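Notes follow once the structure below has been shown.
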Amino acid sequence: MSDNDELQQIAHLRREYTKGGLRRRDLPADPLTLFERWLSQACEAKLADPTAMVVATVDEHDQPYQRIVLLKHYDEKGMVFYTNLGSRKAHQIENNPRVSLLFPWHTLERQVMVIGKAERLSTLEVMKYFHSRPRDSQIGAWVSKQSSRISARGILESKFLELKQKFQQGEVPLPSFWGGFRVSLEQIEFWQGGEHRLHDRFLYQRENDAWKIDRLAP
């Protein structure tokens, strides 16, 4: 098969979106109410990693980067995730705290995008979550100098075994280079697939202490 033939096959991959629409009259005043409903439905549908979200950041050269992390908490203050503070994303957030999040719930023909500003969590918040993680995950946080180059996986595995022995007694301490971010809720867009590509999109935009809701063309 030539490259052109393969491209033609990819170009014809499509499906119809038939799971239902989203109407203005059905929208709650608070976007978190709708987000919670959709997240609950994603969990009930047994989607793989329903809390997985794409975090988009920009570096000092205006180059965008994306990666998938897990949502660990949300409320009216924002959406929370945790990471190595020496990671690429953490450095980029330090340089430019404006980020976007995307929840891609393909099976439900839905996606949610959040735009806001990321800020560091307090040490108390981070410590509380860190010690709720499985012990091996706590040790794993110590192992990796995230985004650095390594020659082989064996380096990580050896370090893990070394630290597992070191921390076999008592609590695993919180690494100073591990933390979390809360992304404020400035804009939240809900997308529901529709027939004939007439998708439903609604944008919640914060204005003072209220939310303005607009329908967007697909």
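First residue shown is number 1, and so on along the chain.
Quick reminder: no glycine exception, Cβ is built from N, Cα and C everywhere.
Per Swiss-Prot, the features are as follows:
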BINDING   ARG14, ARG15, GLU16, TYR17, LYS72, TYR129, ARG133, SER137, ARG197, LEU198, HIS199  substrate binding site
BINDING   67-72, 82-83, 88-89, GLN111, 146-147, TRP191, ARG201  FMN binding site
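Sequence features, as recorded in Swiss-Prot, placed on the structure.
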{"residue": "ARG14", "record": "substrate binding site", "Cβ neighbours (10 Å)": "6"}
{"residue": "GLU16", "record": "substrate binding site", "Cβ neighbours (10 Å)": "11"}
{"residue": "ARG67", "record": "FMN binding site", "Cβ neighbours (10 Å)": "13"}
{"residue": "VAL69", "record": "FMN binding site", "Cβ neighbours (10 Å)": "16"}
{"residue": "LEU71", "record": "FMN binding site", "Cβ neighbours (10 Å)": "19"}
{"residue": "TYR82", "record": "FMN binding site", "Cβ neighbours (10 Å)": "20"}
{"residue": "ARG88", "record": "FMN binding site", "Cβ neighbours (10 Å)": "16"}
{"residue": "SER147", "record": "FMN binding site", "Cβ neighbours (10 Å)": "12"}
{"residue": "ARG197", "record": "substrate binding site", "Cβ neighbours (10 Å)": "10"}
{"residue": "ARG201", "record": "FMN binding site", "Cβ neighbours (10 Å)": "17"}
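Take the Cα of SER147 (FMN binding site) and measure to each of the binding-site residues ARG14, GLU16, ARG197, HIS199: the nearest one is ARG14. With a 10 A radius on its CB, LYS72 (substrate binding site) counts 14 other CB atoms from all the protein chains. The distance from the Cα of HIS199 (substrate binding site) to the Cα of GLN111 (FMN binding site) comes to 11 Å.
Proximity note: of the listed binding-site residues (ARG14, GLU16, LYS72, ARG133, ARG197), LYS72 have a CA within 10 Å of the CA of TYR82 (FMN binding site), given in sequence order. The Cβ of ARG133 (substrate binding site) lies under 8 Å from the Cβ of ALA141, each of these being in the same chain and 6 or more residues away along the sequence. Secondary structure from DSSP puts ARG197 (substrate binding site) in a helix.
GLN111 (FMN binding site): 19 other CB atoms within 10 A of its CB, across all protein chains. Around HIS199 (substrate binding site), a 10 Å sphere centred on its CB holds 18 further CB atoms from the protein chains shown. Taking Cα separation as the measure, ARG201 (FMN binding site) is nearest to GLU16 of the binding-site residues ARG14, GLU16, LYS72. Cα to Cα, GLN111 (FMN binding site) and ARG14 (substrate binding site) are separated by 17 Å. The DSSP secondary structure for ARG88 (FMN binding site) is helix.
LEU71 (FMN binding site) falls outside any helix or strand according to DSSP and counts as coil. Under the three-state DSSP scheme, ARG14 (substrate binding site) falls in the coil class. Checked against ARG67 (FMN binding site), the binding-site residues ARG14, GLU16, ARG197 differ in C-alpha distance, with ARG14 being the nearest.
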